[in-house]
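Reading through the structure tokens given below for one structure.
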Amino acid sequence: MTVADTATTRTPSAAASRPGGSLPAAVAAYFFGGAGREETLRANEAAWQRLHLLPRVLRTPAHISTQIQLLDRTWPTPWLAAPMAHLRLAHPHAETGLALASATQGAGMVLSTQATTPLEDVARAVQGEPGRGPLWFQLYPYGTRAQWQQLAQRAADAGYEALVLTVDAPVQWPQTRARAAGFALPTDWPQPNLPAPAPQGTLQSVLAAAPRWEDVAWLRANAPLPLLLKGVLHPDDARTAVDEGLCDGLIVSNHGGRVLDGLPATAAALPAIVAAVRDRVPVLVDGGLRSALDVVRALAMGARGVLIGRPLIAALADGGAQAVASLWRQWRDELGALLALCGVEQPGELHPSLLQSA
Ligand code: FNR
């Protein structure tokens, strides 16, 4: 399949005047809403905008590269599509369309455990793309350890290069915009990568299934791929993970404000984690990044890469794989210009001295 083959089957309607505006209201609430009063959801975006660039002049580099180094490899861009569940609700191109469009533009992809496409199909779609970004698999540890191991092995066999263990969603916050809008998954909804059904029922009944540090240690020892932890906000947790050798990377994330409300914006949490980790493993960040400018801010704060969520869902919903490709293309062009205007040759040279808090 190529991005051209995925020419959209959905005609954009006049209702699509805002991103993802063509989606049914309950589905839009699921994709774009958050938990509680959505304080965290709003804080994420606003916090990046409070950081101003303080560029250096008269040192425009002769060359610009958007490449980064991550987990011992060089990649064309500093961004990956964040793991996001149920993308088939946004567009029939779903995860394969997102992965292929991302690969053609040098972006990476983290496939969700709750994807609606078998992980092998997604891997096959991108593997022929020479300029693609990283391909990682996100793991929700549902079921038994043997089931996680089986799924991790499936991902490794299919060509995924790392596992992303999401640690910030052991239980669901009961009040979400999606729930208020009456969102429910259709019956017989495809979830071909789920190791076991997600724990459900009363709060008390799901507590026993929540992952703990000893599970991370077990996975790290038994998984066939490098392991990143996604959803770390407290510097003490970052220190534990790195001091005890439990991960190959950390993703500072508050799940896009979808799980626990009242969390700090990721832009506010990032500096303390970067300081705690002291470059021993790469730190990535997601949440509220809405432009290449926001990405420059995140990289200048010390993130080695970023994950992007809702902007990609909006693009996918509005124009399928082609719209996703065009979003990434625009961001990459902008990133090149931003690096030049900041006086740096590549993302790795961005530095906190280029930032000023408003
Ligand atoms: C998510 N996110 C998420 N994270 C994860 O680890 N596994 C998952 O299955 C999902 N599913 C999911 C669905 C939807 C609709 C959204 C919007 C998000 C969280 C995601 O990976 C990421 O942390 C945030 O989306 C980043 O914030 P922005 O860019 O959406 O603001």
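A Cβ is built for glycine as well, from the same backbone N, Cα and C atoms used for every other residue.
Curation does not apply to TrEMBL; its annotations are automatic.
What you are looking at is a predicted structure, and each value in this text was computed from that prediction instead of being measured.
Look at TrEMBL and you will find 1-21 tagged as region 'Disordered'.
Residues or ranges marked as domain 'FMN hydroxy acid dehydrogenase' by TrEMBL: 4-358.
In the shown protein chains, 24 other C-beta atoms lie within 10 A of the C-beta of Tyr140 (glyoxylate binding site). If you look up TrEMBL, you'll see Tyr30, Tyr140, His255 marked as glyoxylate binding site.
The FMN binding site annotation in TrEMBL covers 83-85, Ser112, Gln138, Thr166, Lys230, Ser253, Arg258, 286-290, 309-310. In the three-state DSSP scheme, Gly287 (FMN binding site) falls into the coil class. Sequence-distant neighbours of Gly287 (FMN binding site): residues of the same chain at least 6 apart with a C-beta under 8 Å from its C-beta are Asn44, Val252, Ser253, Asn254, His255, Gly256, Gly257, Ala265, Thr266, Ala267, Gly309.
Look at His255 (glyoxylate binding site): DSSP puts it in a helix. Annotation source TrEMBL lists active site, proton acceptor at His255.
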Counting Cβ atoms within 10 Å of each candidate's own Cβ, which of the binding-site residues Pro83, Gly309 comes out highest?
Pro83
Recorded glyoxylate site residues Tyr30, Tyr140, His255, farthest C-alpha pair in Å:
19
Across all the protein chains here, work out how many other Cβ atoms are within 10 Å of the Cβ of Arg258 (FMN binding site).
25
How many Å lie between the Cα of Ala85 (FMN binding site) and the Cα of Tyr30 (glyoxylate binding site)?
10
